[in-house]
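A quick write-up on the structure given underneath.
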Ligand SMILES: Nc1ncnc2c1ncn2[C@@H]1O[C@H](COP(=O)(O)OP(=O)(O)OP(=O)(O)O)[C@@H](O)[C@H]1O
Ligand SMILES: CC(C)(CO)[C@@H](O)C(=O)[O-]
Ligand code: BAL
């Protein structure tokens, strides 16, 4: 596996692959890799001839400077894991390579970016959309792999690819969970032992809520009960727990159309997100 840090080196490498007719896959990440990321890498290995994993802690998508400062960075361990998976290139640029002096552009995806994470993390999806658009331009990938754990992000990326005619196929991959149901996330390492023990309630309560909705229960009282259950389980803040249409993320008042339950809640001082289909 090669570790590349500049766009120029990456482009040279990709040009060679394309000249040989190879299909290129990319897995964009912020590092601190876990089995969730590795499942995306394995999907990319199955679907493409060559695989690039990008590791870049993108400052522009952090609305909270403390969250950025505390974001785990484990490059040597990440590189070892990726080499073991047979990844061809780890692309790990520095901030100046991605945002050189004079950088002045922004990608804004209206509609699907606005609610939920967009509302709670102002500027977050503009940062994500801009860096993902740049990563597609840098890697020239034929396919790009994203996790369903960040469901809203996946819908934002699908929207921008369609709107901007970017020639990449976006592949959404299932959420990988710990045996107790907690969705794997780089931020889980920041959970203290008590919070870690309580955190699986997030997924359990989503499942119970989905089951009630599928059984015909009325939406508003079931969601209110779920929020109360989360607080009882040890979550301090529940930013949102909502039923939304699966692609557009508009408020859903029934489960007649494809719908998704999405939640963001804080335990200890760690903000967790999760979602499941209903
Ligand atoms: N448990 C998981 N299952 C499947 N995909 C995942 C999982 N966790 C993260 N991913 C995906 O990996 C990609 C990179 O995510 P990222 O590096 O932000 O990791 P993360 O664990 O989501 O970190 P964070 O703590 O920021 O949420 C995204 O497409 C994300 O959806
Ligand atoms: C897609 C992404 C790598 C863009 O920085 C990030 O938002 C993430 O890790 O999900
Ligand atoms: N996994 C989404 C990236 C973020 O939380 O900033």
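Cβ from N, Cα, C; glycine included.
Summarising the annotation, TrEMBL assigns ATP binding site to 30-37, 147-150, 176, 184-187. The local packing around residue 186 (ATP binding site), expressed as other Cβ atoms within 10 Å of its Cβ over all shown chains, amounts to 19. DSSP gives residue 186 (ATP binding site) a helix state.
Within 10 Å of the C-beta of residue 37 (active site, proton donor) we count 26 further C-beta atoms, all protein chains included. What TrEMBL lists as active site, proton donor is 37.
Taken from TrEMBL, the feature beta-alanine binding site covers 61. Cβ-based neighbour count (10 Å, all protein chains) for residue 61 (beta-alanine binding site) stands at 21.
Summarising the annotation, TrEMBL assigns (R)-pantoate binding site to 61, 153. In the three-state DSSP assignment, the secondary structure recorded for residue 61 (beta-alanine binding site) is helix.
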Which binding-site residues, if any, among 33, 61, 148, 176, 186 have a Cβ under 6 Å from ligand 3, given in order along the chain? 61
If you measure residue 61 (beta-alanine binding site) to residue 30 (ATP binding site) at Cα, how many Å is it? 11
Could you state the whole-number distance in Å separating the C-alpha atoms of residue 37 (active site, proton donor) and residue 176 (ATP binding site)? 9
